[in-house]
Amino acid sequence: MVCFRLFPVPGSGLVLVCLVLGAVQSYALELNLTDSGKATCLYAKWQMNFTVRYETTNKTYKTVTISDRGTVTYNGSICGDDQNGPKIAVQFGPGFSWIANFSKAASTYSIDSISFSYNTGDNTTFPDAEDKGIITVDELLAIKIPLNDLFRCNSLSTLEKNDVVQNYWDVLVQAFVQNGTVSTNEFLCDEDKTSTVAPTIHTTVPSPTTTPTPKEKPEAGTYSVNNGNDTCLLATMGLQLNITQDKVASVININPNTTHSTGSCRSHTALLRLNSSTIKYLDFVFAVKNENRFYLKEVNISMYLVNGSVFSIANNNLSYWDAPLGSSYMCNKEQTVSVSGAFQINTFDLRVQPFNVTQGKYSTAQECSLDDDTILIPIIVGAGLSGLIIVIVIAYVIGRRKSYAGYQTL
């Protein structure tokens, strides 16, 4: 028996269920595979995407992202027995499939290999493809994990072979689950072991009105999202997170040197996702409005706090960073994105362009009102004139009173 729970990421379509490496654009996935006794034998939760580069009939190359292919089947997925190890087999349309194989040794189990097959004869996914047929890409992994340990890899990992790029992150997987219960012992991938904890967190003592200690200005990082070989989203910003949980306020400066970026670009939506060893995901979702402007529509976050708890917030009804399509949005001054009462993001040295990026460079920027110093001139002039008028009125009133007093004396 195969049981599935599906969790779509904002800006995406249907969820495609697979395992550690796979083929969809920005999906969060979860799988619970059970045996004949309905006990869990394999558990997996992860995020992934595929891009494929192919030759066209006019001898040029195109890059596509394989996603939202409709009905998914799982024929051939097994818990494993004495003869065969566990396997996850996924089919998502004619000629499109993905398989992950596992094996067990005396004290470890392994993610041995994956294979991905795609069909260039599918004219919808691969228009004008020169070669028609099913192409399979095999990858040998041999990732060894202690028995009864849950494998975790939050870091972004990329595999590239035969014009296929596979990205995967936020991975949790355990094969050969003992007694139907997923382990609480975690085995980290090498990337998570070597990465430095990105944020520096300050937590105040709980009180009815705790306020975080102000932190230094965060370092600005540059992040990008690619669609094949082309950059489709650019962002430069220093990020400071303000979190309140259980009356405890925390200020977290994001370190761009240990923060990874992924995402996706579509015609009317774009996603920038940041993650690190403590941030499971920090999503910035952009949208197009009135066919001529873009704005920040949604922010989602899930991260580990210093006390071990997970802090998660989502808001898909925002309206920040508004600018015309074909331009970038820029705000060098400190700006606050209020996601909820418990979560705000302070941005510094911000510049972002989620659509119509040309040659990997920012277009002309629309500056925020905070950066527009020219607005100070009419304010100063107006304030000066107002002050002058007040002085004249006061002088006139005083003069009138003196004149009136003189007439009474006479």
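Note: Cβ is positioned from N, Cα and C throughout, glycine not excepted.
What TrEMBL says about this protein:
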DISULFID  Cys153-Cys189  disulfide bond
DISULFID  Cys331-Cys368  disulfide bond
DOMAIN    218-358  domain 'Lysosome-associated membrane glycoprotein 2-like luminal'
DOMAIN    377-408  domain 'Lysosome-associated membrane glycoprotein 2-like transmembrane'
SIGNAL    1-28  signal peptide
TRANSMEM  375-398  transmembrane segment
Checklist entry - At the level of the C-alpha atoms, what whole-angstrom distance separates Cys368 (disulfide bond) and Cys153 (disulfide bond)? => result 38
Checklist entry - 10 Å Cβ neighbour count around Cys189 (disulfide bond)? => result 17
Next on the checklist: In whole Å, how far does the CA atom of Cys331 (disulfide bond) lie from that of Cys153 (disulfide bond)?
Outcome noted: 34
Item to check | Sparsest-packed of the listed disulfide-bonded residues (Cys153, Cys331, Cys368) - C-beta count within 10 angstroms | outcome: Cys368
